[in-house]
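Participant: Got a structure for you, written out below as structure tokens; questions coming shortly.
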Amino acid sequence: MNPNRKIITIGSICMVIGIVSLMLQIGNIISIWVSHSIQTENHHQAEPISNTNFLTEKAVASVTLAGNSSLCPISGWAIHSKDNGIRIGSKGDVFVIREPFISCSHLECRTFFLTQGALLNDKHSNGTAKDRSPHRTLMSCPVGEAPSPYNSRFESVAWSASACHDGTSWLTIAISGPDNGAVAVLKYNGIITDTIKSWRNNILRTQESECACVNGSCFTVMTDGPSNGQASYKIFKMEKGKVVKSVELDAPNYHYEECSCYPDAGEVTCVCRDNWHGSNRPWVSFNQNLEYQIGYICSGVFGDNPRPNDGTGSCGPMSLNGAYGVKGFSFKYGNGVWIGRTKSTNSRSGFEMIWDPNGWTGTDSNFSVKQDIVAITDWSGYSGSFVQHPELTGLDCIRPCFWVELIRGRPKESTIWTSGSSISFCGVNSDTVGWSWPDGAELPFTIDK
């Protein structure tokens, strides 16, 4: 072939290849642009659907926790949670707390707790054995998680508190201020809705466990007056965070502190602490109109600490070893009662659950079930009740549950701080096991040395 023709032929082929390549690139660009336009259009069209779904879910999420069901029949207690807060706090950022308690909505269970405005293993943890200070706040986190700045929600300023969910929003009751004039601040959905002023000017205090909600109304019990003598006790009925009714108990020779309350068949039962002169626990039950009955658990299986050895009980205050006490709970089933108590009779150590089939009304000390929760060689502390409503569990009854505070540090151990972790159990009508679920932290910490 002529050299010039060869050059022309090769040039023509290269030009054709270049034109084809250019057309392919233009086609690719057009394809990408069309595809992007379609995706953008679909995205904009999907947004109203997404928002509609979100709003629908929010609407469905609001219910009324009726509280009209009876407590579920149970044969024992299944482990529900353990937060290991002190163990984790030796290395991680965990709050110094006390008075933890659990409450459940129809969607979730949360651990509420009173912080000391300090973290474990930090200088501000020094001296945190004090109950009432302006630094204490009520916070909450998902149940079973160690309470830290990263997973906790601020609720209110408080050194005594309660909280519960009515099916629409959380209600918090938070007491703070001076001993001679404290005020309880009520918040509903995080907004201040009402206040309650100390009426005896002597350390207004409340449950340190969940309030009880029935048919959209929530109920709590408060105490004002001496911790070692006759005080004043009131039941409050609240709706959407506002007090709509209250009644003062006519209860001479009774002492009610730190009540553990739960709904049962449309009414509320509270089992409390007698810090004056009872080693058995006082109770108050009331309907939605605040018509009430009062008494003491009659069983010879005594529930407070300190307490005498089990023996013959009393349907009034059992005065032997009756002074002082610890927050606790029981669940009434007809004439029978599940009693939660420390294993030790004179220190806050160990924990057990006992079923006394005649203990609500009978004074003998016979029981048929004992389930170990914490060994007597390990520290316990406060304990209290909470429930899971049918709207959460899908059951046709209210599930009884309880939590146990596992106190560590001062005054029993060589630390500069006092704090605790917690465990919880729920009642089931199936197989359970007794064991020991202690706090398990190795003390002292670095800050203590």
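Including glycine, each Cβ sits where the backbone N, Cα and C put it.
According to Swiss-Prot, the record shows the following:
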TOPO_DOM  1-6  topological domain 'Intravirion'
TRANSMEM  7-27  transmembrane segment
REGION    11-33  region 'Involved in apical transport and lipid raft association'
TOPO_DOM  28-449  topological domain 'Virion surface'
REGION    36-70  region 'Hypervariable stalk region'
CARBOHYD  Asn68  N-linked glycosylation site
DISULFID  Cys72-Cys397  disulfide bond
DISULFID  Cys104-Cys109  disulfide bond
CARBOHYD  Asn126  N-linked glycosylation site
ACT_SITE  Asp131  active site, proton donor/acceptor
DISULFID  Cys164-Cys211  disulfide bond
DISULFID  Cys213-Cys218  disulfide bond
CARBOHYD  Asn215  N-linked glycosylation site
DISULFID  Cys259-Cys272  disulfide bond
DISULFID  Cys261-Cys270  disulfide bond
BINDING   Asp274, Gly278, Asp304  Ca(2+) binding site
DISULFID  Cys298-Cys315  disulfide bond
CARBOHYD  Asn366  N-linked glycosylation site
DISULFID  Cys401-Cys426  disulfide bond
Participant: Just counting, how many other CB atoms are there within 10 A of the CB of Asn126 (N-linked glycosylation site)?
Facilitator: 15
Participant: Measure from the Cβ of Cys298 (disulfide bond) and count the other Cβ atoms within 10 Å, all protein chains considered.
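Facilitator: Result for Cys298 (disulfide bond): 22 other Cβ atoms within 10 Å.
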Participant: Name the one residue among Asp131, Asp274, Gly278 whose Cα is closest in three-dimensional space to that of Cys397 (disulfide bond); these are the recorded positions.
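Facilitator: Closest recorded candidate to Cys397 (disulfide bond) by Cα: Asp274.
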Participant: In three-state terms from DSSP, label Cys259 (disulfide bond) for me.
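Facilitator: The residue in question, Cys259 (disulfide bond), is strand (DSSP, three-state).
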Participant: What whole-number Å value do you get for the CA-CA distance of Cys72 (disulfide bond) and Gly278 (Ca(2+) binding site)?
Facilitator: 29
Participant: Of the recorded positions listed here (Asp131, Asp274, Gly278, Asp304), which is spatially closest to Cys259 (disulfide bond) when Cα positions are compared?
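Facilitator: Nearest listed residue in space: Asp274.
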Participant: I'm checking region-level scores; what's the whole-number mean pLDDT for the region 'Involved in apical transport and lipid raft association' (11-33)?
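Facilitator: Mean per-residue confidence for the region 'Involved in apical transport and lipid raft association' (11-33): 58 out of 100.
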